[in-house]
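The annotation region 'Disordered' is assigned in TrEMBL to A:49-113, A:126-182. The compositional bias 'Polar residues' annotation in TrEMBL covers A:54-78, A:149-174. The compositional bias 'Low complexity' annotation in TrEMBL covers A:126-143. Residues or ranges marked as domain 'Cyclic nucleotide-binding' by TrEMBL: A:201-329, A:332-449. Per TrEMBL, 3',5'-cyclic AMP 1 binding site is recorded for A:Glu279, A:Arg288. Look at TrEMBL and you will find A:Glu399, A:Arg408 tagged as 3',5'-cyclic AMP 2 binding site.
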Amino acid sequence: MSLPSEYLNERNALEREILKHRPSDVLQFSYNHFSKRLESQRQEFILGQRHSSESGTGLSNPFGGTSAPSNKKVMNSTIREEEEHDDFASPTATSFPPNARDNSNNMASNSSGGGGFGNFGNFGFSPSSGSSSNPPPAASSGAMEHPQSFPNNYNMNRRTSVSAESLAPTSADDSNWKAPQYPKTADQVNRLRDAVAHNFLFSHLDDDQTAQVLGALQERKLPTKDMRVITQGEEGDYFYVVEQGQFDIYVSKSGKVEPGADGMGNKVATNGPGTSFGELALMYNAPRAATVVSTEPSVLWQLDRVTFRRILMDSAFQRRRMYESFLEEVPLFSSLSNYERSKIADALETTKYPAQTPIIREGDVGDKFYILESGEAEVTKRGEAKPLKHYGKGDYFGELALLEDKPRFASVTSTTEVKVATLGKDGFQRLLGPVESIMRRDDPRKNEKK
Amino acid sequence: MAPAIVQNISSRLHRMSQSAADKENYTQREDEKTKLAEWEAEKRTLEPNEVAQSPDEKPVGHSSKYLRREDFDLIKTLGTGTFARVWLAKIANRKEKDNNKVFALKILRKVDVIRLKQVEHVRNERNVLASVAGHPFITTMVASFQDSDTLYMLLDYCPGGEVFSYLRRARRFNEATSQFYAAEIVLILEFLHDRQGVAYRDLKPENILIDADGHLKLVDFGFAKKVDNSKNIFGAVLNFDADTKTGETYTLCGTPEYLAPEVIRNTGHGTAVDWWAFGILIYEFLVGQPPFWDQNPMKIYEQIVEGKVRYPSAMSQDARDIIGGLCTVDVSKRLGNVKGGSATVKAHPWFKNIDWDAVYHRRMQGPIVPHLKSADDTRNFDEYDAEPVHRDPYTKELQSKYDQSFADF
Ligand SMILES: Nc1ncnc2c1ncn2[C@@H]1O[C@H](COP(=O)(O)OP(=O)(O)O)[C@@H](O)[C@H]1O
Ligand SMILES: [Mg+2]
């Protein structure tokens with residue numbers, strides 16, 4: 001009675017193609033269409049054969065069913081080691097971490113704890129710089145020099161997205177948010193600084209940001225032993241640094257604390273003063289990867305994610321605002337749109353100079369433009385006894401170097417410690433194209449003629 | 001199919017008890033369903049200028065006041081992402097000839113959306129999908145609708161499944177396959193960034209599907225966001241999500257291995273994050289796993305911020321060069337984000353064999369064309385657990401607090 005659905009499907013596909021291409025020779029077109037279909041089906045089939053014979057699971061479907069997030073179905077076959085004739089060696093082919101081979105066979109169970117990551121790894125506790133009980137983490141010197149830091153046991157499952165709470169930048173007109181500041185002794189501040197120094201989330205901060213972040217760490221007292229600070233599997237909002245006392249760290253294989261006496265799993269480490277834990281919570285609220293329990297009365301410093309990210313965001317935002325307002329004052333840039341100016345603000349690089357350091361030397365060929373972000377500087381010229389000019393915050397110089405390769409007309413020397421934001425000619429061109437053509441849009445001489 | 005039958009019966013009963021006003025709606029609904037079936041038959045993609053029309057003028061992408069959950073039979077779960085469940089769906093009580101008309105229905109429970117703090121994101125998702133509907137490489141949202149506790153997005157069904165599945169199965173793609181898929185994605189990003197001012201923010205093989213003809217369709221606009229380039233005060237390159245006065249906000253979001261350094265460091269971000277992720281994607285296509293990985297996510301982030309990509313020795317120079325250009329930590333030097341934008345990516349030597357016009361008009365034959373037994377064939381999708389029976393209720397309290405936010409869904 002009715003035509004087979006497979007046929008209807010093929011026919012629909014052909015009709016769509018015909019509608020799209022409107023061929024003059026319909027028969028030849030249809031022939032070509034079906035021959036392409038046949039060819040690609042064969043290819044799919046052959047590829048499927050190869051893989052299913054490797055895995056030994058002769059699936060009827062050559063492509064479907066890799067791994068279901070339910071983890072009910074065990075991955076079939078794709079996580080084999082490198083085939084000999086592969087075009088690309090895996091980035092990790094040369095080096096296997098000790099357990100990699102085992103892991104590759106039970107990837108599905110490996111990820112069942114949640115998040116798609118190994119359990120303990122999710123936790124990221126870090127040893128204190130002085131302690132010898134834990135090996136120091138591999139320094140962040142980059143994977144290039146440390147091929148072994150490339151794990152081969154890549155998790156082949158679907159990856160879930162993460163997202164943290166939305167933050168609205170504190171805009172200049174309603175800037176009522178201020179990072180909380182909890183008083184600390186100079187000693188405490190120094191200890192905290194050391195404790196977070198090796199952590200990349202902190203090592204990238206500038207002095208201002210660091211001061212704000214350290215100030216925002218809040219004391220938390222744990223009056224007895226056996227108090228749980230964080231619990232594996234629960235969502236986390238805080239990062240902690242140990243000030244005083246000792247903490248045991250437990251990891252349960254199931255990814256969360258189970259009922260019963262051994263429910264927290266195995267003890268994997270003990271952390272003392274100067275160590276920190278729970279840093280992933282500073283990014284988003286992922287489930288905790290371990291349980292941490294006090295073993296004596298102790299003191300911690302804690303910092304929550306929203307405060308931390310706010311500090312980072314607001315300071316980046318304020319710096320942009322500052323740069324943009326400086327740039328607005330530069331006549332050379334007056335023809336730029338806000339968008340273009342903000343692109344420049346983006347590309348500015350900050351450099352610090354101590355007092356009495358030459359920033360620009362008279363006679364040198366310049367290729368950079370400077371804005372004085374903080375501090376003071378003076379302009380001098382050979383043969384002139386007195387400085388020609390003094391520069392303060394927001395003043396700019398050297399902008400003509402973006403236009404022409406002339407020697408610098410005078411020298412600029414810092415009189416106090418200064419911070420300058422700079423942009424080179426090449427950087428400018430990369431962002432906006434040739435400087436001259438941009439400037440020509442609004443050449444003052446052109447306007448005068450009108 | 002038993003549950004479907006039960007649903008049909010109950011929806012019929014439901015309909016019989018309807019008032020006069022609802023009867024009028026009933027004709028409207030039938031009307032909409034007919035239009036859906038008609039659209040499905042052709043699935044015509046639009047030219048760039050047609051896509052740009054307002055959703056009211058396009059055949060697709062509107063918010064329907066009439067469609068309901070009962071207008072569809074849910075056949076099978078196609079996927080469960082981070083926040084939603086997506087079903088293969090057919091029109092309920094369909095005519096025989098509409099038996100082969102299929103859709104994907106993305107279902108989000110309002111309680112979950114609220115619990116996972118995705119209210120703003122879901123609104124963005126609907127609005128962006130509406131404004132891009134019709135693009136050849138983006139899943140078409142035919143319509144959206146809601147009921148008291150649930151949000152629905154009716155999408156075109158992409159029967160090829162996720163590129164993710166093919167990639168894991170094949171281990172890695174050869175250079176030609178990678179180039180083909182990458183080229184279609186460049187056109188998507190070009191369109192989203194340059195024409196729509198939208199940052200996508202969750203590029204990864206799991207969110208890229210293959211349609212019946214073997215071409216790509218980008219799905220999951222859950223993190224997509226308009227970032228107005230022209231008049232915003234933060235700039236496009238480094239964007240804190242447009243105007244603060246309208247209460248817009250900034251969020252860390254994405255997938256760990258694909259996060260751009262500026263997202264991790266929270267210094268503000270914009271469309272440049274997609275070019276970073278695009279570099280990671282090409283790498284994963286060619287190598288079989290992304291360049292930055294560790295069991296411990298913090299170690300991934302540390303590597304990302306460091307930004308040193310290590311290439312297998314056999315990778316071609318052009319491939320290294322394009323990945324290196326895209327995965328550049330400094331956004332002012334990142335390929336795709338420098339002067340010239342997406343055109344500089346298209347002009348890269350790795351794409352030298354690509355005819356970009358042919359790509360847009362789908363004249364190139366894709367390396368994988370799904371072979372299906374019927375329009376509703378789901379062989380390219382995995383099996384998923386049934387939906388949990390227990391559901392947190394969407395309480396009156398939540399309703400009064402949040403329903404306003406969902407009003408125009
Ligand atoms: N239009 C579609 N056709 C077929 N399958 C789809 C479609 N849209 C989504 N899916 C499947 O559902 C999964 C989850 O959808 P997605 O939109 O990514 O949800 P989430 O926002 O929860 O991540 C996808 O990864 C894909 O497998
Ligand atoms: Mg998804």
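Yeah, the Cβs are placed from backbone N, Cα and C, and that goes for glycine too.
Those TrEMBL annotations? Automatic predictions, nothing curated.
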When the number of other CB atoms within 10 A of each residue's CB is tallied over all shown chains, which of the binding-site residues A:Glu279, A:Glu399 has the maximum? A:Glu279
If you draw a 10 Å sphere on the Cβ of A:Arg288 (3',5'-cyclic AMP 1 binding site), how many other Cβ atoms land inside? 24
Here the Cα-Cα span from A:Arg288 (3',5'-cyclic AMP 1 binding site) to A:Glu399 (3',5'-cyclic AMP 2 binding site), rounded to a whole number of angstrom, reaches 52
What mean pLDDT does the predicted model reach across the domain 'Cyclic nucleotide-binding' (A:201-329)? 91
How many Å separate the Cα atoms of A:Glu279 (3',5'-cyclic AMP 1 binding site) and A:Glu399 (3',5'-cyclic AMP 2 binding site)? 43
Looking only at DSSP and grouping its letters into three states, which state does A:Glu279 (3',5'-cyclic AMP 1 binding site) belong to? helix
Three-state secondary structure, A:Arg288 (3',5'-cyclic AMP 1 binding site) (per DSSP): coil
If one looks at the chain holding A:Arg408 (3',5'-cyclic AMP 2 binding site), which residues at least 6 apart in sequence have a CB under 8 angstroms from its CB? A:Ile360, A:Arg361, A:Glu362, A:Gly363, A:Asp364, A:Val365, A:Gly366, A:Gly398, A:Ala401
Binding-site residues satisfying Cβ distance under 8 Å to any chain B Cβ, from A:Glu279, A:Arg288, A:Glu399, A:Arg408: A:Glu279
Which secondary structure state does DSSP assign to A:Glu399 (3',5'-cyclic AMP 2 binding site), in the simple three-class scheme? helix
Treating G and I as helix alongside H, and B as strand alongside E, what does DSSP give for the domain 'Cyclic nucleotide-binding' (A:332-449) in helix, strand and coil? 36 helix, 37 strand, 45 coil
